[in-house]
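S.K.: Heads up, here are the entries from Swiss-Prot:
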- Lys77: active site, charge relay system (ACT_SITE)
- Ser152: active site, charge relay system (ACT_SITE)
- Ser176: active site, acyl-ester intermediate (ACT_SITE)
Amino acid sequence: MSFNNKTIEELHNLLVSKEISATELTQATIDDIKAREEAVNAFVTVAEEAALAQAEAIDEKGIDADNLLSGIPFAVKDNISTDGILTTAASKMLYNYEPIFDATAVANAKAKDMIVIGKTNMDEFAMGGSGETSYYGATKNAWDHSKVPGGSSSGSAAAVASGQVRLSLGSDTGGSIRQPAAFNGIVGLKPTYGTVSRFGLIAFGSSLDQIGTFSQTVKENAQLLNVIASEDAKDSTSAPVRIADFTSKIGQDIKGMKIALPKEYLGEGIDPEVKETILDAAKHFEKLGATVEEVSLPHSKYGVAVYYIIASSEASSNLQRFDGIRYGFRAEDAKNLDDIYVNTRSQGFGDEVKRRIMLGTFSLSSGYYDAYYKKAGQVRTLIIQDFEKVFADYDLILGPTAPSVAFDLDTLNHDPVAMYLADLLTIPVNLAGLPGISIPAGFAQGLPVGLQLIGPKYSEETIYQAAAAFEATTDYHKQQPVIFGGDN
């Protein structure tokens, strides 16, 4: 029996009334994963034994009636550490790495009796926008298996969209939650930088990385964020949680809300059908009582260039720790210490990871630092200032999540620049440390279109308010791919 069409609140009521047990729900989730996994390849590891053991322990002590997520299974992106469960970052380099600790976000969820069901596939070390750079093979889009699911949190998005799990965690460095959420027609939130601890997240770009949430609905997304958000002494960049309940404004109307629509977000390079869908969504917000006005974010056009200098520079530093000495893969054909380093990194990293390490090393090198890295930091400040000017007069920014719908597998992965441009609309949010959400807003060419809502720092409850108002008066979130029902 499958429970994948039940809401979290419905599942909670079933668990509290003992109509089902946490063990039965966990086994049903494992069955849902197995029934769909061959088609979508969303998981690197299904932690069947550990999940069932955790569920049995929860059943033994009893479901907490006051804890909505008690006994609920969830999936975790494979770059987020899980105690005793393989955490590979979808790389040969960490093919056998089993952490002895949980990331703070995972520990927070487990403390609320949530059950880790498995680790989801992703672009290697979170470097990619299509889900195709994984050592474990490409994840497929839940709606059309010939299309990419987006990246880098490809498996976390596809798992929710295909009905394998109801909730999952991902990470977002330049759009890695919002873009796959858009491509798969689900809800994905990147919180304000520092809202969720990065302790236990395998680092890519430390000034950009943020753990976030995937779900079927806006309210469930906020409910999961309530659990994982926390200040953490183990992460010096974490911030006090300023919102007691991220669901607090859900259900409130948005009359009088001022929403900005940047002209740059609907300009050159945006698919005409995507543009039309977003303009229709803007009109819908106006019908709900909001004011939508065109604004300009003039420096957003430099976002991709700035991001790939800063993120690659940080990655080249962060990935120095993977050397074949301490953990993970080690090349066997080494004659000396230098050979171990060179051969291990040459054989252990995929092409995209190597490309970004080389780009970052070049940007930080003597003679080029001022021209590239320093200049990128200065332009990053201009991008931040653009947002600050808009948010002085507006509550939120609206636009498409991605320039297009999901594209064909094995097309852009041979053209790095074209692939990088797919993150054009999400990258500025990371550069500024802002919260952003993608919600389903319609379809183009039979594939989901994502609407992105961006707010000032620590405005997640307002973002959820507007997103929920849109969701409550449309039915895009109710439409599911064929595979969700088990047929393929």
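From the backbone N, Cα and C atoms, a Cβ is placed for every residue, glycine too.
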S.K.: What are the non-local neighbours of Ser176 (active site, acyl-ester intermediate), defined as same-chain residues 6+ apart in sequence with CB under 8 A from its CB?
M.R.: Asp123, Ala126, Gly129, Gly151, Ser152, Ser153, Gly170
S.K.: Counting across all protein chains shown, how many other Cβ atoms sit within 10 Å of the Cβ of Lys77 (active site, charge relay system)?
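M.R.: The answer is 33 other Cβ atoms.
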S.K.: So if I draw a 10 Å sphere around the Cβ of Ser152 (active site, charge relay system), how many other Cβ atoms end up inside it?
M.R.: 35
